[in-house]
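The structure appears below as structure tokens.
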Amino acid sequence: MSQSNEPLKIAVFASGSGSNFQALAEAIKREDIHASIELVVCDKPSAYVLERANQLNIATYVFKPKEYASREHYEQEIVNKLLADGIDLIVLAGYMRIITNVLVEPFYGRMINIHPALLPSFPGLDGVGQALDYGAKLTGATVHFVDGGTDTGPIIAQQVVEIREDDTKETLAHRIQQVEHILLPKVVRMISEGKVTLSGRKVRVAQ
Ligand code: GAR
């Protein structure tokens, strides 16, 4: 991807607080990453991520899924916007909707997701609670390319977080998020430097 001098153009998709969006935006601002967040796409008009985006003067695209006949319909509208804006990379950062091929196909290999568990364990909703309820001793965070399945795409990077005996979902989620806030910008930086290559299910990261 973008090995030219042009900054990598990113669209972040989020549904909630947007702390990962903020961590990425701050890393870019510190110039750790030759990239620019062009757009925040959000399916929830009341999500705090929109306030964060406004404070950082980053454009937002808000939609209400219920106003569309199907997922494919709103995704097509979003894809048209992303292509018109020349977006290079989609970052799903707490985007809590199922994705269809309308979005996956034009952006395969150019769309990543952050998940709060060590995939392939505990995919889908509530990865933090799943690991805790299962009694796992280790969990963590995963950044992966998005394919047609739920959290099944090729893995780019993972980091382990230990589960403590006295952890609650809140304390564990907090420690995982601290890791996410470092891991996600690190992966985006590697992508912006053209260091990440995808071959089948295998992701190679050049040193
Ligand atoms: C993050 O912890 C992310 O891993 C998770 O949502 C949180 C969003 O937090 N994503 C998923 O569970 C996707 N399956 P944020 O809005 O503060 O970045």
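Glycine is treated like the rest: Cβ placed from N, Cα and C.
Note that the structure is predicted; figures quoted are calculated from it, not measured.
TrEMBL lists Arg71, Met96, Arg97, Ile98, Ile99 as binding (6R)-10-formyltetrahydrofolate, and of Asn80, Asn113 the one it places in that same site is Asn113.
Cβ neighbour count for Gly18 (N(1)-(5-phospho-beta-D-ribosyl)glycinamide binding site) (all protein chains, 10 Å cutoff from its Cβ): 23.
The secondary structure of Arg97 ((6R)-10-formyltetrahydrofolate binding site), as reduced to three states from DSSP, is coil rather than helix or strand. Compared over the binding-site residues Met96, Ile98, Ile99, the count of CB atoms lying within 10 A of a residue's CB peaks at Ile99.
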